[in-house]
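These come from TrEMBL:
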DOMAIN    1-199  domain 'Cytochrome b561'
TRANSMEM  36-57  transmembrane segment
BINDING   HIS38, HIS75, HIS108, HIS144  heme b binding site
TRANSMEM  69-88  transmembrane segment
TRANSMEM  108-128  transmembrane segment
TRANSMEM  149-166  transmembrane segment
TRANSMEM  172-193  transmembrane segment
Amino acid sequence: MHGVSGNHLQSMGNLNLSSGQAFGSHVGNSKTKLKIAHGVLNAVSWGIMMPLGFMAARYLKALGPRADPLWFYTHVSLQLSGYFLGMARGATGLVLGSMSSGNHHPCHMGIEITLFALGLLQISALFLQPAKDHKRRHIWNCFHHITGYVVLVLSLVNIWVGFTILKPTKGWMIGYGSISCAILLTSLILEIWKKTITRDGKIDGVNATPTSAENKVWITSIC
């Protein structure tokens, strides 16, 4: 006679009566792992590496010639790594979507597609940006920087939209929220420092005041 107690009774599965196929609970476990991977990749790529890449360009560059080309390579490395990790996260999102028969979260997906498009534009700067002495270089710089700001904002929004979809435990949300606050606070401190050394007018003996060419476009003050 089959026992009525024991660990074997805790196993679960689904039986398709028309085909006779049985599906175990490992399907649900795989989906849970995919959700965790998707969320972690999202937070690390768009939520950590992208902001750090932005900070490298904005604040390392403020050190003047001694930080050149370190700021550039740091910026590019972080941005490219974040973008490709974001692609991996997008792949996990597509798999999750194919496993879900209900809502495919068009808002989350729409922001995601926008981020990939803008990220591709950012990467194109490596190949399309004018030479440093080109008369339109400052316009390209502003376009590149403003696009970067939009990416940062949309990334933050999409991460928290993702949290509302995945509904992780509070520990995950508190952890990422703490990292975000630390990045934001560090950026604020560095921004004050940058404004201070720019106001003093000298960085390593080099004039830090914006050139007349840079002042042709008012938005360069945030670039």
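From the backbone N, Cα and C atoms, a Cβ is placed for every residue, glycine too.
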Original post:
Among HIS38, HIS75, HIS108, HIS144, which the record lists as binding heme b, how far apart in Å are the two most distant Cα atoms?
Top reply: 28
Original post:
If we call contact 3 or more Cβ pairs under 8 Å (sequence gap 6 or more), are the transmembrane segment (172-193) and the transmembrane segment (36-57) touching?
Top reply: yes
Original post:
Can you count the other CB atoms that lie within 10 A of the CB of HIS144 (heme b binding site)?
Top reply: 17
**OP:** Take every residue in the domain 'Cytochrome b561' (1-199), average their pLDDT values, and give the whole-number result.
**Re:** 82
Subject >> For the transmembrane segment (108-128), sequence-distant contacts whose Cβ falls under 8 Å of one of its Cβ atoms, 6 or more beyond its ends >> reply: 46, 76, 79-80, 83, 86-87, 90, 93, 97, 140, 144, 147-148, 150-151, 154-155, 157-158, 161-162, 165
Original post:
Sequence-remote contacts (6 or more beyond its ends) of the transmembrane segment (149-166), Cβ cut-off under 8 Å?
Top reply: 35, 38-39, 42-43, 46-47, 50-51, 54, 105, 107-108, 111-112, 114-115, 118-119, 122, 172-173, 176, 180, 222
